[in-house]
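Read the structure below first, then the notes.
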């Protein structure tokens, strides 16, 4: 052996060194690990390979180059129906470059900028190579155009791909633009990242009763379903929506083929803990009499929910066969079952049971509901891929129809030219519509989503970047969280901890929410655990869901504007400006983005009932006085109800029936709908119902299932039954179903538990009439009135012939029932002798709701008098008579419309013509038996509200019914961290083979004992159990070594869970992962040499991955690893090292200097305000014509930078100024964060911005060949100011100053656009009407640009860009980068400002009280760093967890002759004397926010008033004033300003002179008292008109207010 190779001990030179300490010093075994210098260089290297937006682009490229070809390959062949020998085969597909065809049919290259300006779609043609047969010959065609696809900017097919900055500039693009979005019809659209709950994974959580339950969301291409296993009374049950009740798991396992109890026990676990836990479930199986698989399937078949089939369509399968199919294909449908071999599914279900038992004994076995390893992210490529597959299959089906039609004609078949049959608009329109609307309605994939794409925010460069990295969680299964901003440890390094919403979207606390039981409550009265109605935004189907995280907070905490939205019928809601509403096109839209005349979805329902404090929260009788309406003894005493029926009613909690039972509301509705009741010869009760439509009967069945009658026994009316049993062919059957929809349906319930229950309940007299629950009465009334056979509901519309007005009258004709005898059934159906079915008692019930009616006993008519018509219409809400409900809804909204417009119109009452009523008929649509109305917005006003409230729902649909509006509840918005990456799907096959090669035993070959042995670890691949392994460490270590060696993909995750004894291998897409440095034996594999190679360009980030120096970890594998924060923190057990600490933040939070010194909410606030800061958006900002652009005139690079600013190149497009700030108190105008600003600084351009707004019109070509025209102004026109901007061509001149109402384009449209016109060019000018485009904004602006171009439809497009320059004024909002915003409180001349000994005057003075409560220490350090940077000529760095240290900054300040603490000697500008203390003085980067006084200020001296109250209108848009509210009034009272109160609340509002009687206190008329019949004691007084109106309305309610007059 070479002695030198042995080591230092054999070296003779070493022996002279002396001690062992020197030995260790030389060997460096005990040295600290030196940190690698400039390790942060790995971050820009990663950004080049992956980047923030690159995952969007890579995802789209993967679709274009790989997925698209796979989809075509899977659907390559079409065969004709008429001739099977004729086929079409798609052999290849490719996407070209973006092009457009002009008028001259030339194809020109499209650029993104051209599409933005011309409102075109930036798309490229899709070409396919095809083969098809013609005359028995195979014809090949190449590059056949089948449609266009929008191209993502900077993707491989984009013209910007691989372009240099110079080439980008030549194309009119900004080199800094990130790409990753689409341009559709001129709008920039981005497909957001969507967060979903990971499918096919078991989740163990606590249910509402505090017991563990397991749930799995199974997802395959065929079906999506949710399966649960719950624990009740120590027994385990399977829960699935196909079964009407929870099924004992032992019966399910038997149905799947597990024959013995011993085998079940072995599958779950042989330990005593598991045996004891499963024994009650096995015993229950025996009690149910289930011993074999056949018995189990029969049991399951009898519990299958009743799903409506068309009448006459019989199910050919038996109940047991149907149950077997449900177990195989619906329950846990992601687990494959081949030839009814349930072995895999049995093991999977056993694992769910085992984990529930473990969780019941040890709470640590519960899954964290927000654990991010259970989430998946969908990228644009995946969503576009689904969209293309759907469009391509539609295209193929249309092509197949065309081919079949062509082949059917012999003369055409021989000369068939297939390319001529191809329609290119199917795919083109499919893409364009989906991306522009954001709706992904793909029925073949059971996918219906809205809001998938959104308009890209261009408020600032960073707002664009922030939106590209946003994660939309609208469609996820939201989990319970401690609070809306709770952080999960699993999000570390994956999601930004700071960039969460500044505040949730919220509502006014008095907003009425519709509960799942039909009640309506103010949101302030809700509490966690309450159930509300939520709606699927696509199908409008109603679901019940619990709420949590309910809160009521001060609105001042959020700093958001509150909006009041009013519709054309007067429906109102107050919400924050980011609260989302469902619009008529199916999209969610924030309230601040709503416009007048936008249409919103509303749920039409009767007005909510008043809640008083005497009732409990459910508005039932007082809990202290609980009464039994029906109990077991009453039924036994009746002697007609079988014991079996009594037991069944007790099991579904309808016996005893108490007056506080929530089901009473549904019961009253069902009782009110009864048509006839009686009994047969066996004395069995017969309950008969009659419905107009099948859908009405479906609603009735849903109510029965809610009560617990899962499979109610009923039969059709005899006549209908005979019709249904006729044997008819398919077409006749369809026709019969259509006819059946038009006939009434009569249903009999004979001798069932439901029948006995109803009969017994009717024997208890007057319980509805005496009930204190108003909803019980209301639902009974609504159903009774809508009864098809008992009440004839007449809506009489009376038309005034003079003015064509419509008036309505309600007439209820009570039909007398007669006893009927049915000989065939040998039963008597008679009317039940009960007071409820009585027209007099109906009137009594109506009177309780202040609905006044009269009775005509001769005709049995009950007439609702006119004064109560609206109350009656608002009261009833019909569920089982859809046809009648539609009519009532139309009248209700019509009356609301009249009432609202009369109350808000200055003139006399408006006349609503009969044609206007037709408007409401058109607005109503019906979806899944829910009444939806679409209403236009009439007003959008800003409001003040001291409190706001909201909550989160547990369901998939985060929607609610609030004041009738379909709105969204609060949720989280998350953003990617800097180095997070989203995986794409990878093939499972190679990993499966590798797992078996590494010793995994096939799960199908394993017994129950082996499955749960101590050494056996279950191996799961993407959630599927594939086998077990007895050496888990070997398996995991080997797989990881192979990944680091590049033998398997770098994004494969391997995770060992010791508690559950599982090894999870994942290669599915959508997992968040991030790169970390591998550590071996306490030494990072990354060395300084590697960094030097990276700096020299010899290595890339991907090289480090391939060499096994860095690897990607997802959230699950992170849990199985130990990560060190820095090199100094490495321990013997450390496996990985972080690349850089600051990468835990996102791109927006990374701009904050020294964020680790700030209070956490401040960083969150800055993330929101940073996106609202005005700055530069792109290099091409002055050539764009966007809807709204804010530009800062002189942007500056911040003196205190961060690494993230360099990485994003934000310093090239900044948003703010370096303001010299003095932290001191100066006058009283700087309290509450207000700023004192230097007038000279504003004169020099500080905070000055440009607002650019677009106005567009087009010259349309109409169907009769006529078109719009632009007329030059006539000499008479030019005398009017509104025509003053027009040039000789009828278009306004650039550079002119436009005022509101002035004409910009003098456009005229033809009067006749329908009838054919022989010579459109010869139409006289008199045949045109003016349709000019005028300047529509309140603030004047200059015409900056005028663009004349044409779009996709080749129509002339005229765009005008309006420019206004704004300098800061009082009330404008500014913010630092630390979440401290403040308005400009006062602007002071420079000579009055304090100045330092160097003569420097501050630009801004801020109050020092802004620091202690906000705790923004980072802002102080930023001032020091900026000051040192100015003096030293270097930029300071305030990177998170790093940056320049305060000690070093202070040394620089001292070396330059300044105070180490940043304080200066300052002299007062007013007195010229030095201030009494040193002032903290230096530069801080300030942002100007988009919130400016000019956009929001409004006031009025005089203007329109409301007709009803004669008070001024409200809202800026309606010329309204500012309301002096209750709190303002109380403040004035406190100051004793009585004259001001009188002036504000009466003289300037609604002063009204009335005559009042001193004797009786009533109001008189024209100096005469009607009550006293005298004019002696009459006095004239002045009161507000609203007060006089209140007195009169109270008198109408029999409340008599009297005035006591005293001589002044």
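Placed from the backbone N, Cα and C atoms, the Cβ positions cover glycine too.
Feature annotation from Swiss-Prot assigns Zn(2+) binding site to 1557, 1560, 1569, 1572. Taken from Swiss-Prot, the feature zinc finger covers 1557-1572.
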For the zinc finger (1557-1572), the mean pLDDT of the predicted model: 91
Under 8 Å by Cβ from residue 1569 (Zn(2+) binding site), counting only residues of that chain that are 6 or more apart: 1555, 1557, 1559, 1560, 1562, 1575, 1577, 1578
DSSP-derived class (H/G/I helix, E/B strand, else coil) of residue 1560 (Zn(2+) binding site): coil
1557, 1560, 1569, 1572 excluded, remaining Cβ within 8 Å of their centroid (Zn(2+)): 1558, 1559, 1561, 1562, 1564, 1570, 1571, 1574, 1577, 1578
Cβ packing number for residue 1560 (Zn(2+) binding site), 10 Å threshold: 17
Cβ-Cβ distance under 8 Å to residue 1572 (Zn(2+) binding site), same chain, at least six residues away: 1557, 1559, 1560, 1562
Other C-beta atoms that fall within 10 angstroms of the C-beta of residue 1557 (Zn(2+) binding site): 23
